[in-house]
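Peer 1: The structure under discussion is supplied below as structure tokens; questions concerning it will follow.
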Amino acid sequence: MSKNINVALIGNPNTGKTSVFNQLTGLKQKVGNYPGITVEKKEGVCKLPRGVKAHILDLPGTYSLNTTSLDESLVVELLLNKNDKDYPDVAVVISDVENLKRNLLLFTQIKDLKIPTILVVNMADRMDRKGISLDVEAMEKKFDTKIALVSTRKNTGIERIKELIADYKSISSRPILDPTRISPEYFDRLKKTFPQEDLYKLWLVITQDVNFMPIEKKRIQDATDFSTKSKDDLKKLQHKETVLRYQLINNILKETYKVDFMAAKGLRASLDKILTHKIFGYLIFFAILLLIFQAIFDWSGYPMDFIDEQFAMAAEWIKNTLPPGVFTDLLAEGIIAGIGGIVIFIPQIAFLFLFISLLEESGYMSRVVFLMDRLMRPFGLSGKSVVPLISGNACAIPAIMATRTIENWKERLITILVTPFTTCSARLPVYLILIALVIPEGTVLGLSYQALTLMLLYLIGFGMALLSAMVLNKILKIKSRSIFMVEMPTYRLPLLKNVVYTVIEKTKSFVLGAGKIILAISIVLWFLGSNGYSEDFQDADRIVTERIENEGLSIYSKNYIQNNVASYRESVEAEGMSPSALQDSIQVLTTELSERAVAQEIASYKLKHSYIGQAGKAFEPIVKPLGYDWKIGIAVLTSFAAREVFVGTLATIYSVGSDEEETIKNRMAAELDDSGKPLFNLASGISLMLFYAFAMQCMSTLAIVKRETNSWKWPMIQLGFMSVFAYIIALIAYQILI
Amino acid sequence: MATVADLRYGQKGIIKDFTEHILPIKLLELGCLPGNSVELLQIAPLNDPIYINLSGSHLAIRRSLAELIELEIIEETQAK
Ligand SMILES: Nc1nc2c(ncn2[C@@H]2O[C@H](COP(=O)(O)OP(=O)(O)OP(=O)(O)O)[C@@H](O)[C@H]2O)c(=O)[nH]1
Ligand SMILES: [Mg+2]
């Protein structure tokens with residue numbers, strides 16, 4: 001017979017809950033040495049001995065059942081609601097052997113809810129280093145539970161957890177502290193008023209912070225008007241409860257838990273002396289940021305060139321192998337080009353995630369919070385805002401999720417609102433291609449102009465985030481009391497496995513997510529680009545041929561022929577061909593090129609009068625003042641789904657309008673405006689980059705902001721403000737530079 | 001009355017019995033109870049926040065919070 005058991009993994013932050021979860025379920029949730037990596041419920045399944053199946057729940061860390069922030073309140077909500085489908089049959093409290101005393105506080109609280117509770121003492125591998133010894137058997141007896149001594153790093157003790165869970169019926173669910181000891185008089189009255197209810201549970205419901213459990217709390221107050229204690233009095237009782245619990249724990253640990261301080265060695269003290277030093281601390285942090293930049297913008301160049309070539313070859317191959325036709329064009333020119341436009345950024349994105357993951361896994365992130373807190377405060381932010389602001393450079397979505405650890409609602413809201421200004425990886429494709437096109441190659445002080453531009457764009461994004469935070473801090477009238485507190489975990493050598501998983505998972509989801517959107521948009525655009533209803537579209541052949549007969553080829557085509565002839569001449573001259581033969585072959589080439597140019601002009605005329613062309617033309621007046629033509633306008637518009645489709649959109653549009661096999665960059669460089677000058681010039685390029693720096697072009701971010709702020713108000717304000725602002729700045733930039 | 005905010009580098013103190021219940025519950029849960037020790041480990045640039053060892057918990061807290069924790073400073077002993 002098989003039965004599903006509900007298991008909840010609960011514990012203080014950073015004790016290894018997710019590591020245990022991953023071991024039990026074989027999943028690969030994110031693990032990191034920073035309190036508050038997990039901010040959501042995560043589920044998995046684990047096969048237990050004797051054919052039992054367990055449904056395992058990984059939860060955010062919490063110090064106790066008296067919650068003060070959103071991620072913590074998830075745990076309490078679950079434990080107080082017996083009807084929740086995830087309500088645990090058995091709770092597994094994961095504790096860290098180095099902080100056992102504090103971890104046990106939560107353990108005793110959960111046990112008092114009369115849930116069968118297993119105690120996992122994790123990080124057993126560190127006991128020797130820290131000189132810790134434990135009398136597990138005596139502890140089991142005193143705490144009336146079963147204990148598993150575990151190290152997820154050394155992979156020991158996991159089987160024991162499974163055994164204990166499978167055997168959960170034999171685990172005691174007796175409470176450990178009599179709640180009436182907190183205040184005999186008060187609990188007596190509670191008992192009289194609610195004879196049916198469990199006293200400790202009732203107490204937790206009553207004392208939950210109003211912000212987090214409005215519904216539960218209301219129910220009880222309404223029913224009885226049980227307002228006999230002021231908030232202060234309740235708080236006093238909570239203090240009393242904590243003291244009582246610690247007394248109990250201390251008494252037991254005195255006999256069962258020994259630390260030999262002489263044997264304890266730790267890197268923490270000496271490393272912290274340097275890493276959080278008043279001067280060196282900042283210097284090191286700054287150096288690390290520089291290193292990350294260097295990696296992303298320099299080292300990743302090699303693999304990127306490689307990927308670029310592979311995609312060009314793939315497109316070429318498809319064109320040559322598949323029968324020519326509509327479908328082949330779409331595949332080779334639209335889709336492959338579009339996907340290639342994303343895949344090429346894998347090295348950079350992987351580097352970014354690698355560094356962020358290393359910062360988190362080593363324990364350094366908490367030190368950054370410590371160093372930055374005071375500096376962030378004038379902006380209405382907290383030191384904890386730095387983590388979202390840094391990881392926002394990879395992607396705003398996990399960054400906004402990470403704000404859940406910020407206790408103060410105002411600081412949290414401001415962080416959520418300004419994070420989308422940081423330069424997320426989706427902006428990179430746009431920046432890099434534009435920089436390569438419009439910024440000259442020279443260097444100043446050993447730094448290339450191009451690298452400097454990119455650096456500047458990052459600074460602008462970050463600066464804008466800070467600036468708008470400052471403004472929001474002034475105008476938002478939200479009162480919320482804040483207790484800033486962050487744990488400084490011991491330093492750990494990052495576990496290669498964890499880091500690699502994080503990098504692979506994040507990169508994969510970035511590519512797949514973007515890939516899907518690009519695929520869809522490419523197909524739609526391509527269809528709209530190769531069809532049209534107007535006479536101009538249907539009669540394109542005739543109209544263009546007539547025009548060429550009357551006026552000759554366009555400047556674009558003339559340039560195209562000239563350039564090709566010139567490079568041909570150069571290559572054969574080197575071979576030493578006779579002048580007359582040269583003349584003849586150039587003649588042949590020119591005719592060939594002109595034919596091709598005519599075909600191309602017809603194609604681009606068709607594009608201009610296709611559905612997409614007409615839509616673009618209608619939209620053009622809006623983007624014209626920024627220096628964009630209708631094709632860029634379409635790319636900007638589709639980017640509101642997600643920024644990274646910019647390059648793919650242009651690739652698709654250009655490919656419909658030409659039959660040349662070229663890299664997208666060359667294609668963009670060849671694009672001319674009405675007066676025959678390159679369309680992507682310094683002015684329009686800068687204007688585009690600034691537009692992308694500020695505009696809120698990401699549907700997923702808007703959706704996540706809606707979820708985290710629980711209203712459409714904030715995402716709509718973000719969308720409106722950021723986009724209008726982006727437009728104005730781009731306009732000013734173009735008009736000044738042109 | 002001395003508070004945690006008055007500690008100097010490396011100095012230790014013992015938390016006093018408090019009657020006023022102004023301390024956030026979270027601090028208590030992390031070990032801020034009468035009789036426990038506090039050691040100042042680091043002060044951030046610009047003097048805030050501070051990094052303490054609160055009876056085994058390594059925490060950074062803001063000065064405003066530290067000022068609420070009263071203690072008796074004990075000169076740190078050489079043996080460690
Ligand atoms: N030395 C050692 N480190 C461990 C062990 N288990 C986990 N860790 C490390 O502890 C850190 C925290 O692990 P997580 O699994 O993310 O902890 P968590 O409890 O899920 O943390 P939050 O989700 O932030 O509350 C990571 O750096 C892990 O690599 C262990 O058995 N030994
Ligand atoms: Mg976790």
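The first residue you see is number 1, and the count goes up from there.
Keep in mind that glycine also has a Cβ here, set from the backbone N, Cα and C atoms.
When I checked TrEMBL for this same protein, it listed these features:
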{"type": "DOMAIN", "residues": "A:4-171", "note": "domain 'FeoB-type G'"}
{"type": "TRANSMEM", "residues": "A:279-297", "note": "transmembrane segment"}
{"type": "TRANSMEM", "residues": "A:335-359", "note": "transmembrane segment"}
{"type": "TRANSMEM", "residues": "A:413-439", "note": "transmembrane segment"}
{"type": "TRANSMEM", "residues": "A:451-472", "note": "transmembrane segment"}
{"type": "TRANSMEM", "residues": "A:510-529", "note": "transmembrane segment"}
{"type": "TRANSMEM", "residues": "A:682-705", "note": "transmembrane segment"}
{"type": "TRANSMEM", "residues": "A:717-737", "note": "transmembrane segment"}
Peer 1: Using Cβ atoms and a strict cutoff of less than 8 Å, what residues sit near the transmembrane segment (A:279-297) while being 6 or more residues removed from its termini?
Peer 2: 348, 351-352, 355, 359, 367-368, 371, 451, 454-455, 458
Peer 1: Can you say which of A:335-359, A:413-439, A:451-472, A:510-529 has the most Cβ pairs under 8 Å with the transmembrane segment (A:717-737)?
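Peer 2: Looking at each of A:335-359, A:413-439, A:451-472, A:510-529 in turn, the most contacts to the transmembrane segment (A:717-737) are made by A:413-439.
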Peer 1: Any residues 6+ beyond the ends of the transmembrane segment (A:682-705) with a Cβ under 8 Å from its own?
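Peer 2: Counting only partners 6 or more residues beyond its ends, the transmembrane segment (A:682-705) has Cβ contacts under 8 Å with 396-397, 400-401, 416-417, 420-421, 423-424, 426-427, 430-431, 434-435, 437-439, 457, 460-461, 464, 513, 626-628, 632, 636, 639-643, 646, 714-715, 718-719, 721-723, 725-727, 729-731, 733-734, 737-738.
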Peer 1: For the transmembrane segment (A:413-439), find every same-chain residue at least 6 residues outside the stretch whose CB is under 8 Å from a CB in it, and list them.
Peer 2: 341-342, 344-345, 348-349, 352, 379-382, 385, 388-389, 392-396, 399-400, 403, 406, 449-450, 453-454, 457-458, 461-462, 464-466, 468-469, 472-473, 476, 478, 510, 514, 639, 642-644, 646-647, 664-665, 668-669, 680-682, 684-686, 688-689, 692-694, 696, 698, 701, 705, 708-709, 714, 717-718, 722
Peer 1: Near the transmembrane segment (A:335-359), which residues from the same chain, at least 6 beyond its ends, have a CB less than 8 A from one of its CBs?
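Peer 2: Residues 32, 288, 291-292, 295-297, 299-300, 303-304, 307-308, 311-312, 314-315, 318, 365, 368, 390-391, 393-394, 425, 428-429, 494, 498-499, 502-503, 506-507, 510-511, 514-515, 518-519, 521-523, 644-645, 647-649, 651-652, 655, 664 contact the transmembrane segment (A:335-359) from elsewhere in the chain.
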